[in-house]
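J.: Could you have a look at this structure, given as structure tokens, before my questions?
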Amino acid sequence: MFKRGSNRATSSSQGQQPENPPSLKYQSSSSRYSFHRQYNTGFGTSPFRISPKYKPDSRTPFSFDGTGNVGPESSLNEEESNARWRPSESSFDKRRTFHGAKYSLSIGKEVSSIDKINSPESRSLIIAGKSHLGIYTFDEDSKTITNVHDFLQTAKTNTGITKNTSSTLRRTTKKISTISDVKAGFYNHKNYVAICGTSTSVAIYDINKTSAIDNPVVTSLSEHTRSINSVDFNMVQTSLLISGGQDGCIKIWDLRSPKISTTRSDVSINTGSDSIRDVKWMPSYEFSNDTNGLSNRHFKFASVHDSGLLLKFDLRQPNQAEKKINAHSGPALCLNWHPHQDYIISGGRDGKCCLWYVGDKSNQVGNISSTNLNSSNPATHNLSSSYPLGLSNTLAFPELTINTARSMNKLKFRPKYETNVFNSLIGTSSMGEDSDVSVYSLARKYIPKNVIASSAPSVGFVWWDDDTIFNIDKQNTVTGWDISHEPTVLDNLPKNTIKWRDLDGDGILFLDQKPGGYLSQEETVLTPGSGENRKMPFTHRMSSATANSFTGGNNPNITSNTSSSAASFSKNPTLGMSQLHQGNVLGERSTMSKHAQSVNSKFSPSVNSSPWTNPYSSPHHNSIVSGSESALHAVNDSFLQSPYLIGLDFPHILNTIRNTRLAEFNRKVESAALLELKSSPTEVFKFLARELKFSYKYNSIETKDNGRELDSSSTHGSVDSKTNLMEKLGLSENNTWTHLIKYTKSHDSDEVISKGTELKTPVSDKSANIEKSATNHKAETNQDENSSCINSSNQVKTKNLIELITLCDKNAEIYIMLEDFSNYKIWLLMRDSLLWDLKVLTESMAVDVTADQEVNDQSSIDQPWKKNDSFTSLKEARQASVASGYSSYSATDLSSSVNTNNRHSFNEPTHLTQTPPVSHLKAQLQGSKETTTISRADSIQNSLQNDIIEIRKLRQSHGDRAELAIDEEEEGEEREELTKRAFEEDENNKQFINIPRRESGPSALMPSPSHVSSQSEIPSNPENHHQPRRPRTSFIDSFMSQLRSPGSSNVDADRESTGSKKSSMPSFSSSAATFLNSKKSQNANHNKLKSATEVSDILESEFATQKSWNGSVAKTTTQMSGITALMNETKKLENTITPPWSSRRLIHQLYEQSVASGNILLTMAILLLFQDMFQLVDTETVKNSIAEFTELLHRYELFEIAAELMKNCPYEDISSSSAGFSSIQLFCDKCNKPLVNESSKEKIIKERLEGNSSAMSRFGYWYCDSCSKRNTLCCFCNKPMKSLAISMLNCGHEGHFECLKKWFFDENMDVCPLGCPAILF
């Protein structure tokens, strides 16, 4: 012993070493290289050294500290000494207060099994591996573990005599088979160790024979025919050894016989062909407080098998299994008996640990004297018989099930006396690369008590005492842990949480739980089946499924508590939401069980008396409510204690509340199917995913002469029920700004274009006689081709808009059917914005065609005035309302046609002496086709273009005055006079330009806008044409103009008569126009107009250059006119203003809102429909969204919707990922091996290279190279299926497609060709 504070030394095979400072050592192991440091772990004040070797892993409780040093780690072996380091108290307190790691040693050889030597004073372990069988001792004072002897490692001298191992002798290692299990004997045979493995023999070693001259092998038992998986010594009759292996036989050997037969067992039990994974004697620990005594436990043993069976036997009747239980759905891998009660816990590949009661129901076993198996009468004990499979009841249910989600490798009860079996602890280890040793309390099956993390997956462990566990891992390290010093998992878990359930759940879950512990409340629990009603303990630390295990479901005397807390629970106002799901516990939805044998229905007798049905058939839901609802009846009101788990189905609750409040309002009878659909959020999602339109095919849009009309239901909502509902809810479309658009005659683009060809300005018949020059004709021919291409593009855009409008209206109808008004209005907003775009696009197309027909064909100018087209009137009214600055229609826009004189009266110009040449108006107007939205500046441009056309018409209509030639001097004088008058008029008018006319009286220029309406209008030709009265600006437009431009409200009323598309001087009543007018009144000297001819020339030159309105006229000799400058400034303001109904702006905002609110369907619909048009997000985001949405559709089994989405997906990398080829591995029907057929493929390829071109026809996957057999033949023709084949699901028989087609269709058969009794069709 060492004193505190004194120097410590370490003894080793090489001597003693002084204490070393903290440092890192380079240590080699069989699997990796790592750095390790050893130091005191700090339990109390006792100095000791330790600890296990850990890699810096997130699973281990050790990690690198802030200084870069490794946590408490060491690497010890038999040949290497270990330096010790004891940290100071202060440094230790900063690092860790306690942990449970006590011992650690790196063995350096492969190990696979461990057991303790059943001699308390020896403190030894036996560890076995493929080439290692060693005895290890540990010291609790020094906290060290040492290898004492390796029975498989010896040294030979020259004389051939084997001596103890020495460093001077050459070492040899004896190898045995892979060890499956190692066990040590008890009492008189405590020096015996049995090992078994992949060989067919069990080797018995005497651990006391450690000298070289002694042979430690006592005997070798080899009656098994296949590898042995498990061996075990009997604790009472210590000479009895039991073994079980892959041959399905259980062998019992008696080691007391003086001449042991190594090839014949004393008892042999044949369980058939079912392999045995584990076999154990029932333990007989001598606990001081055990009142039952040893009784007859030593006669009992049990085994688990590959089929999942658990069998219990009695040695006195080995030909009959006392218990036969279907314990697991897959192979059962391990079992262990409770230390003193009739319980067995089993583990399997299905990841479940199941607790089974295997005691006698009467609890009174006959006192039969012990049967002594000795050599005096060996034949009487050689019982070889097969147990009858039908005699034992296999229908049993576990007392408790712990789900670990990993295949169980080892599990063992803690060897401690527990009055209540549910206070017992079990240690488990699993298969896999991420497996630790987990310690569970049966009172808390969902949360382990301790998780012992090691540097590598565990391969075996053993309980030394109540608190100490020794573990070996795949890094060949043995580690000892004291679980009493280990923190529990519960210490690091939150005690309350709130989570969203998945889409198939209840929406939201509240969980509040007190910390609790790992012990059950009840101190005593009677043995199941004792005939007495057991107490039914229920602790807040346990789930309802765990509570079920206390109630003894197999006891028919258990009565159900009819006044259960479940009824009061449903009436509790705070928990009343559970009533939303009648038949479910706490509102949790029912689930289906996959395996009938895994059900937790040991309360089945009490279920019948329950008014609720049991939706659960399996306890294997890692949830507090995973048990049967009958548990609510079997317990008292303590069920309402912690943990509280409340599930709320928010959509269902809100829909119920809303439907209740709107019941009187709706007053309509809905179908049961619709009501059921609305009550389930999942079904609503599926319904919307199926019904909503997410895309449209661009290929379907073709240019046709007759066009395609928009569905009337998508434009004016002809359904009366929908209209009435909208009006009741205040959602009527009569107040929308597209209301007037919807009731036009047609939205077809072709019709609109034809109507847009109508001219609105009266001209004389002489316009048809205009002669065109050859140069202008050639230029206009090229312009006609460009115009045709642009018109074709506009037609495609128009039909795309019509398609999108139809889809928006369709989606809106889907939402209105579900009474989802918010999403309904969203789709209406998008539809209306697209209708506005459609109107603007068709207007621009109409203007283009108007200009073409004006220039090319003047003969049809009289026809439009014979019609009164509403759409043309709307177009005309819209351009007239540009003066208001408010983009909406008013009721006065639809004015009737009356007989009236021409709106404009122009003085006859005397200086127009010749017919002007045809201008490049068509080319100048091409810029208007590039935009899809007509702003106020665009309307100004169109109006000025029409003014130029009117000036030309006036020149033609006054062609008789052109004969009066005026020489250049007279023209110069007149221009100077006109310039002077224009300047004076510009000062007075500040905005308007009046074209003078030569008259007998004084030259009359229009003095002000107010005089325009009162001035007498003179017709432009002798004939008075009847034309529609120009639309007047409505009161609403005037009112909005005043709101938007308060400074100009006093002149708007006077300018009302001039705000029209046909006006040669359009009015500007906005605040910007007012500001510019006042600015230009100060600089009027720079805004002179010389004559009407120059007005036309200047405007034409501006349009021809196609420059922005911010630029100036290219002519250096001509100053900028007042209108041009005003239009330039107005265009600047218009470029910075986006109307609120802009489809790009509106849809982008709606998309952002849907993303923020988590509306998946709306987000994807907007993204898929409008991404190409408006570029809402980047391409990568679109691809990710489509991929995630497709995965979501697959989760809801909406495969047809996902397939349609992928079919129309424009991104090949997304569509090809789901529609590409998939690799499917085929297996042979006979040998179950993969069908690779590489050998035959090489042979056939070689034949083809040699010249046999038809050799490849023999290759295929209809045969197997491994077993040289053909696969399943056709059930009709009995030939190999080399081509397309189909399978019948009822019976599983397969056949050629053509053969079965002939059988079922041609011969009209309805059964399988092989005569299966089931009718297929």
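Using N, Cα and C of the backbone, Cβ positions are placed for all residues, glycine too.
What you are looking at is a predicted structure, and each value in this text was computed from that prediction instead of being measured.
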J.: Any idea which of 256-284, 546-574 is down as region 'Disordered' in Swiss-Prot?
T.: 546-574
J.: When you get a sec, could you say which of 520-542, 589-611, 773-795 is annotated region 'Disordered' by Swiss-Prot?
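T.: From Swiss-Prot, the annotated region 'Disordered' range turns out to be 589-611.
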J.: When the repeat 'WD 6' (403-450) is classified with DSSP, how many of its residues are helical, how many are strand and how many are coil?
T.: 3 helix, 20 strand, 25 coil
J.: Taking every residue in the repeat 'WD 6' (403-450), what is their average pLDDT?
T.: 88
J.: Do you know the DSSP helix, strand and coil residue counts for the repeat 'WD 2' (174-215)?
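T.: Per DSSP, the residues of the repeat 'WD 2' (174-215) fall into 3 helix, 17 strand, 22 coil.
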J.: Sort out the residues at least 6 away from either end of the repeat 'WD 2' (174-215), same chain, that have Cβ-Cβ distances under 8 Å to it, and list them.
T.: 112-119, 124, 126-131, 133, 135, 148-149, 151-155, 161-164, 221-222, 224-235, 238-239, 241, 243, 245, 253, 255, 262
J.: Is it possible to list how many residues within the repeat 'WD 4' (271-323) are helical, extended or coil according to DSSP?
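T.: Across the repeat 'WD 4' (271-323), DSSP assigns the residues as follows: 3 helix, 25 strand, 25 coil.
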J.: How many of the residues that make up the repeat 'WD 7' (453-491) does DSSP mark as helix, as strand and as coil?
T.: 6 helix, 18 strand, 15 coil
